[in-house]
């Protein structure tokens, strides 16, 4: 690409912010309402952590580019960590897809109020998963083409609320909503971090291609941090203004928080329009992400990390069996979480459970990438910024883990250890195969 066509820092920052912002924010205000305006500190900590992680990945992309991103970086520390990261990453993605599905269902509750209840919401989400599984099996590449349109549509009410919503902001309402978590301020902040981080999951892929940027070694890391920070500021403004516009009980009970703010700002006609836009955005995003999960399974199978069935593709390159297996797992988890919440709660409770699990599963891959940058660049003054961002990224992973419930944390830890057991089995099979080949060659 000629130098004249390459983009500079300002444009690059805009691209990163656009890549970062999406449907992840759409249902967060309902979950954060149960914590309160104090979640602003959770946002600030999350932004610092996300910017640090963004720098780590941008630095690794420019200094040590590897096919496979976090999986490759973890593998540079230890092949066992690479295997573990590949499995964790795959499962985090399909679990995250369920959260996107629940967001779509929640915004559809504007038209079908029964979808605010966990059981109907769970059933609807499972139905959506299977519909898009079959769409992708038939070759639904057209779905991904609609994703960009959907993301623009979902961001309109978010940005509008962040900018215009302050006209309806009430300081007394905000003060009453400061800490609604029935716990100490410190615990409320830590609890909010796990939720806030959901909006930044995907930070590892936000960096733009170095080939389209002027002076990429300087511009890409800086733009990635600035773009992540810009997205975070929009998130803070949008969620904090809602804390001053409505009582926490209204937001917590809402299945479509930005539809409510749009109706206040523009009139009642806007709520169904925003709900339809957001549901459309989430559905197109889900369709696109489901195919990406299927392709991730193919890569893992080709690397020898997953059973061969995941790597089987048809004449069109579609991993039908992998898509079906992912849909079965998504259905099983959705049934389990729906049953756990069936005694009471809302669709947003399902969202909170799913995002918590998905975020926790990404913490080890993020941590390994930070450690790999320290390994690659060393501990010295010359690479001071890289060292600080790597350490901050590691600390942020620890803080996010602290915000998890004991059940979520224990589950993540157990799954991580079970993966290493499978790795040991894989190594045994590889060694046995190698010894058999060696014996056969000696016999000849």
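Cβ coordinates come from backbone N, Cα and C, glycine included.
Feature list (source: Swiss-Prot):
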- 1-6: topological domain 'Cytoplasmic' (TOPO_DOM)
- 28-34: topological domain 'Periplasmic' (TOPO_DOM)
- 56-94: topological domain 'Cytoplasmic' (TOPO_DOM)
- 116-122: topological domain 'Periplasmic' (TOPO_DOM)
- 144-148: topological domain 'Cytoplasmic' (TOPO_DOM)
- 170-192: topological domain 'Periplasmic' (TOPO_DOM)
- 214-221: topological domain 'Cytoplasmic' (TOPO_DOM)
- 243-272: topological domain 'Periplasmic' (TOPO_DOM)
- 294-322: topological domain 'Cytoplasmic' (TOPO_DOM)
- 344-353: topological domain 'Periplasmic' (TOPO_DOM)
- 375-383: topological domain 'Cytoplasmic' (TOPO_DOM)
- 426-444: topological domain 'Cytoplasmic' (TOPO_DOM)
- 7-27: transmembrane segment (TRANSMEM)
- 35-55: transmembrane segment (TRANSMEM)
- 95-115: transmembrane segment (TRANSMEM)
- 123-143: transmembrane segment (TRANSMEM)
- 149-169: transmembrane segment (TRANSMEM)
- 193-213: transmembrane segment (TRANSMEM)
- 222-242: transmembrane segment (TRANSMEM)
- 273-293: transmembrane segment (TRANSMEM)
- 323-343: transmembrane segment (TRANSMEM)
- 354-374: transmembrane segment (TRANSMEM)
- 384-404: transmembrane segment (TRANSMEM)
- 405-425: transmembrane segment (TRANSMEM)
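Mean per-residue pLDDT, taken over the topological domain 'Periplasmic' (243-272), amounts to 93. Counting only same-chain residues 6+ beyond the ends of the topological domain 'Periplasmic' (243-272), those with a CB under 8 A from a CB of the stretch are 26-27, 29-30, 32-34, 36-37, 106-107, 109-111, 115-116, 157-158, 160-161, 164-165, 167-171, 173-174, 176-177, 180, 278, 346-348. Just going by CB pairs under 8 A, the stretch in 7-27, 123-143, 354-374, 384-404 that sits most against the transmembrane segment (273-293) is 123-143. Contact between the transmembrane segment (149-169) and the transmembrane segment (95-115) is not supported: fewer than 3 Cβ pairs lie under 8 Å, counting only residues 6 or more apart in sequence. Remote same-chain residues near the topological domain 'Periplasmic' (116-122) are listed as 102, 105-106, 109, 253, 255, 334-335, 337-338, 341-342, 345-347, 349-350 (criterion: CB distance under 8 Å, separation of at least six residues from the stretch ends). Taking every listed stretch (7-27, 123-143, 354-374, 405-425) in turn, the largest tally of C-beta pairs under 8 A with the transmembrane segment (323-343) is reached by 123-143.
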